[in-house]
Amino acid sequence: MSLTLKLYNTLTREKAEFQPLDPQNVRMYVCGPTVYDFAHIGNARPVIVFDVLFRLLRHVYGADHVTYARNITDVDDKINARALRDFGPKIADGSMSLNEAIRAVTGKTESQFQTDVKALGCLEPTHQPRATDNIAEMIAIIQRLLTQGHAYVAKGSEGYEVLFATASMADYGQLSKRRLEDQQAGARVAVEAHKMNPGDFVLWKQSADTEPGWAADFLFEGKNFAIYGRPGWHIECSAMSNRYLWEEIKDRLSPKAKAHPHQFDIHGGGLDLIFPHHENEIAQSCCAYDTDVMANVWMHNGFVQVEGRKMSKSDGNFVTINELLETKTFGGRKWPGEVLRLAMLMTHYREPIDFSVKRLEEAERLLAKWPVVEPGNAAPCETVLEPLADDLNTVAAVQAIHALAQASHHDADAKARFAASANLLGLLPKATEVDEAIAAGVDALVQMRLEMLKAKNFAEADKIRDSLSAQGIQLKDGKDKETGERVTTWELKR
Ligand SMILES: Nc1ncnc2c1ncn2[C@@H]1O[C@H](COP(=O)(O)OP(=O)(O)OP(=O)(O)O)[C@@H](O)[C@H]1O
Ligand SMILES: [Zn+2]
């Protein structure tokens with residue numbers, strides 16, 4: 001393994017050589033979607049960016065040596081609100097319970113998410129845990145925090161809450177570089193009387209009987225608190241990352257990694273998650289397990305923007321992935337998944353992207369120039385790997401792939417390297433769909449070649465055949481059974 005992988009780390013604000021705790025078991029966690037509404041183009045960005053990193057890590061360390069967990073947040077007050085909105089009448093007349101309505105919302109949204117990300121050429125992560133399948137793990141961490149003096153039980157306006165005590169952690173704020181004092185002075189967080197500090201955040205929250213919840217017993221200051229309730233958002237990721245990247249894998253880890261219990265290599269998500277979400281994940285995990293590190297490298301993608309503003313569900317300025325791929329709402333036409341994927345990768349992941357039809361058209365034009373080939377078994381080209389290994393410089397990697405695509409018209413070796421390199425980024429043009437306009441163009445060339453053959457202009461005829469072949473189009477000559485005349489059909493090489 002000669003490739004040196006460098007990654008920008010939000011924790012240190014520096015780019016540094018990536019050194020996994022155990023190269024045989026590289027571990028990455030990325031915050032996944034809250035499934036109350038279809039994923040939008042902004043949500044697609046971390047999915048694509050970290051898919052590229054997952055692919056690169058698999059290339060460098062071996063496909064079986066990388067564990068990637070991306071969660072599904074299927075318990076959240078936004079989900080409850082959506083269930084009430086969509087199924088209100090049914091809940092009111094008793095034909096559906098709130099929990100059934102919630103499952104209808106999350107089930108539908110999650111399955112759409114899976115369809116969407118598949119269409120964007122993303123590999124399935126090793127684990128895609130749902131929050132509701134990890135409640136016991138969350139309760140266990142919360143109890144550890146209570147026992148160790150990092151959390152407390154308090155009564156708020158909607159019942160009991162277990163809160164994280166930010167003041168109990170000396171270096172709270174290390175990721176966002178926000179100091180607790182500044183936060184209090186800024187008073188961004190509404191001061192609530194039951195909180196010891198305004199920045200204290202919910203770990204567990206009591207639910208009304210009609211709200212979704214789980215029975216939980218917490219021991220605090222010698223007293224038992226039975227709180228039927230639901231988890232806060234941040235605790236979900238602390239629980240799921242620990243389960244899938246430590247608990248379930250620890251027996252296989254190297255001695256060095258075992259000497260760093262509960263820690264893993266990379267944690268990712270969008271820029272908006274640095275504070276408070278990731279800061280609070282760090283606080284929970286480090287305090288619960290008494291470590292000073294949760295993940296060694298923290299990576300954050302920039303925003304997809306619309307007219308300079310972050311595309312976001314709550315802002316309403318969004319286009320869903322499904323709308324873009326399956327309807328004509330954006331630019332009056334449908335767009336293939338690989339066009340959106342390439343459009344994202346034509347900007348460095350830490351830069352903002354202003355989303356536009358022009359950007360998609362640019363990506364489409366580039367893809368159309370690339371040959372349709374099978375991945376093959378050549379090695380990806382150094383000219384592609386090197387920029388990728390430099391903090392995922394996909395801009396330069398795509399340029400290098402394009403150069404290989406151009407060279408591949410006259411160079412079989414370049415073509416093989418193009419195939420392997422484009423495949424590494426999940427960008428190999430698919431042989432299955434042919435654009436109508438392209439098909440018409442091919443038909444015309446096939447016809448022209450038949451005329452050349454009739455005129456015995458074999459050199460020109462061969463030229464046409466070869467140029468089509470370079471674009472991945474295979475001609476098949478045959479004879480019409482009745483007239484005996486030559487007929488030519490074509491297909492994409494598979
Ligand atoms: N416009 C955006 N550009 C890039 N990444 C984004 C954008 N919006 C959300 N993300 C990322 O998508 C992932 C899922 O986020 P989430 O489900 O909270 O969606 P959201 O659109 O941010 O929700 P809301 O708009 O209600 O805040 C997170 O990693 C988040 O950082
Ligand atoms: Zn998270």
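Backbone N, Cα and C atoms are what each Cβ position is placed from, and that goes for glycine too.
Residue ranges 70-74, 210-214, 310-314 are listed, and TrEMBL annotates 310-314 among them as motif ''KMSKS' region'. Range annotated as motif ''HIGH' region' by TrEMBL, chosen from 33-43, 77-87, 143-153, 429-439: 33-43.
Counted within 10 Å of its Cβ, the other Cβ atoms near Lys313 (ATP binding site) come to 18, all protein chains included. DSSP states for the domain 'Cysteinyl-tRNA ligase anticodon binding' (437-481), grouped as helix (H, G, I), strand (E, B) and coil, give 31 helix, 7 strand, 7 coil.
Outside the motif ''KMSKS' region' (310-314), and at least 6 residues removed from its termini, the chain residues within Cβ reach (under 8 Å) are 36-37, 40-42, 272, 303-304, 355.
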